[in-house]
């Protein structure tokens, strides 16, 4: 659906990456049947595979775009002028392609002691997009999140946020302040604070220590807290210590804390792990509600939940993109089936 | 009266030189008695006979008297005809015992008569001096003679030395004699070429003594050839000395490193592998040292013959004592605090206070004497560096303990279980490993090794209740610096810190050097919070 | 006003008690006759003053450990640095009354054959300068040390161990004669402070009162910090440091703030301590001293305002009593206290009482709810909730 905007190089990379690559490190036999039910796979596999051309078609002819946008007259007849102009336009084209994206990962690699957790990973998230990321254990999902949020520096590759912010140059706090929120796999909230204080500490605003010392609550702040409590269904729990919340409530509180940050992009790691069905439903609804105004990346094993989200799916395997598209297309991909089910 | 003075002198000599050798010589010709024969008016022939008699004793001490005779410094006292070496002091003479050189007071110049000499007497003395010592039966004695002559640098001795060198068969003694000859040549008025050759000989000896000799010579000589040779030799010797200084520093560093390794190696298990902050670790070391003390006390009182074996006996006992205390600590305290490192730190600190005070109450606050067995005492020379046996043994011991521990961790079932439990406790438990038992055993092992370290450290440190305190911070620094959970890191960390410390000491002094090392470690931890050999991976949460 | 609501009555009672002591102890010592039953003998005034300084020190540690989760094993160093700064001022006040009668140089420098005052001693003849240094030196050390440590994310026991190494390094340094701080013997034989004889009862009473006021201000300061949004942030950093980072805070600066403020408080405590005990020596840097502070805070209850104050007073009173009765017994007791508190009383006295109180209320409420349910009546919600 949004693929058409992916231009030039990126699409090539994505294309190249979707073909299987032999890579070192972890043994290639995925023995884990994580999250995806056998029956589910069978059902999914029965559906016809989406033609690969869908991706290739997205390669918009770069030259035309440039001519339209940059039809400036050539001022100097310098012998290299044409070459230089072309190079400049090419760079700009890439920048422009990137500029339209919210999150842009290109050729990212990260290894730990020789084990390639992320291997030449390229991924593009559009503004306003919601994306589900699936993949067996050890596929590099968490490491990818670590790289985006600045916890881990990639060995090589580009990571850009809203087109031109190089995330590899910033630390967690700076990246969080730019508008990327992250929910951990295990809910982490401030257990000795009340629900309300948890959200209040997360509210976007100045992050200086001295400001915090003299900070006074005001009406605007109260209203924002109120709104978030409302969204996350925690209004009646506002005075309860976070330690006393149920598991599902903690997950919501954490999502609420992300909302309080007012991020452009939310990274949500396994939001429904350990939740009841009702809670899962509720969470899916909550995430869809959030995605109306922000971009969301959800890492999840639970296929029912992913289906409930109804968004584009990226399947990671051994640190690179294995398949991308609708859930139906991805789960019909023979490579995905192989990774999940084995040969 | 006449007879009593020599006897008095004799007994003095006996007192000074220890009873053994003196008593043996008394039975033969007693040099102290023979020297007295110079006293009174003597014919030159009689004097020469006394010289021959003295030379025949083979006693090195007579060389002093003979040399004094040659220089005309040998006197006898009017009245008792006692013989002395005398030097003028104002209007009086200060007199010395002719053999020992001990001062025997001052006498007015009128009381002394010089023992008369002429050239033939001088020659006789020189010859006697040569045969006296350089031709002695015992190679060790010849060696000593050559060494004495080296320091004396007496040109008169070149002749006898040449003769001795020609006759010498022992190459080491011969080399020493050639050095003695070279030193004599430098002091002589021989041609410059000979002196240049002598400087070369001294350059091969290359110690501080030959350096001062050469510097003195280079400053005094005005012959360009000899001076040049001397300067070249000086540079060569200085380089040699600098080399040995560095070697000595490294050796001291390794020695300190091995002490640090011993102190830290138990901690590498309890802190590094288990993650338990045991502030009472130093007290485990102290308990090991006190066990050694107890063992030696028992041996001294009951079986003195076993003293040489005291350390060997103490080793397993120290392991048991500290290991048991560790086991009790783990079962009674630490196991309730797993996952709460700061609380563990505080509780074990409390235990360390209690252990210290307990030892202080039982054994008293002062240092306890722990003896070195013979094989741990003494020293030997390597080049210009002196190596003490206890330091050498401790380095060997530290490495043995290290390798043994490595073997335990990597080759035994307990080691396997230990590694399993530390890597994934729940999985290990699921596979049927009794994790509490493994915890207890691991902690006991780490503590027991600290006890063993205490046995070794009792040999070089004061055994007092505060023994452990001095090591605890250093040990933690070593483990943290080397990288937690990595035994090799502990080895490298200990040796690096030891050597850096010893290299800093000459510039900064011992205390400041230690401070600098601490500051460096603090800065290092800032840079690499996980130490030198850090475990990597995304599971390590920084 | 806002504080009044936030700090709660208990803290105000504590502050009132401290201020009352600041007035009553000097009054009873100076005004009442020696045989009066309420008379506080002169030898007790500096002893009490010492306790109060320790209480301030424990409170400073509580700010970093109880609220921010940084177990500093080097707070004795900040205390001692403050003490040395004050000691240097007091040394300069001796003037020509020293044994060697040198108006410029302290005795130990004359003894070491020094010819002139080292540059870092200049200015310490002025009280205002010394007072500034009392805060600046520990504060600056803490700032620089903390900046490097927190920025490179040294946490937990690693941080504890390097703070211990820090105070150990300072201990070794101050033992050296050529540091110019009196070496082994430290600074002593003080005569005057601000022109008043340091031995005089009135001066001592004044110092005691000053210590009490400093403690009261310290409680207010820590209360203000911990009740602010920053204080909540500190607790957040203590409980889930990486979460604070991922919502955009920089926990290293939060810790740096707490650590520096705490070091300044410790420095002030040290500066008030020195004139009352009459000596400062390198022993104050010893790692054992620093770790003892931790046990005061632990006994009283870390993470509370009144806990460390109570803990410091109790433990030090116990120390005085037991070292007088059976000196060798004290270390057994102190060691046992470490074990006991961590194993059986992890919240400390105040924390345990609070917790017990909360638990009691919770069970009572649960019972009432049960009763309410069976009786079919609505439960009136607790207003505190």
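Here the Cβ of each residue, glycine as well, is placed from N, Cα and C on the backbone.
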### Query
Of the ranges C:329-350, C:351-372, which one does TrEMBL list as transmembrane segment?
C:329-350
### Query
With the ranges C:157-175, C:176-194, C:233-251 to choose from, which does TrEMBL describe as transmembrane segment?
C:157-175
### Query
Against which stretches of its own chain does the transmembrane segment (C:127-150) lie, if we need a Cβ under 8 Å and a gap of at least six residues from its ends?
77-79, 81-82, 85-86, 88-89, 159, 162-163, 166, 194, 251-253, 255-256, 259-260, 262-264, 266-268, 270-271
#### Entry: CB contact flag for the transmembrane segment (C:72-91) and the transmembrane segment (C:329-350), at least three pairs under 8 A
no
## Note on the structure
Contact count check, CB pairs under 8 angstroms to the transmembrane segment (C:253-273), set C:43-65, C:157-175, C:205-225, C:329-350; argmax is C:43-65
### Cβ contacts under 8 Å made by the transmembrane segment (C:293-317) with residues that lie 6+ beyond its boundaries
7, 10-11, 14, 18, 50-51, 54-55, 57-59, 61-62, 65-67, 71, 73, 75-76, 79, 215, 219, 222-223, 226, 235, 334, 337-338, 341-342, 345, 347-352, 354
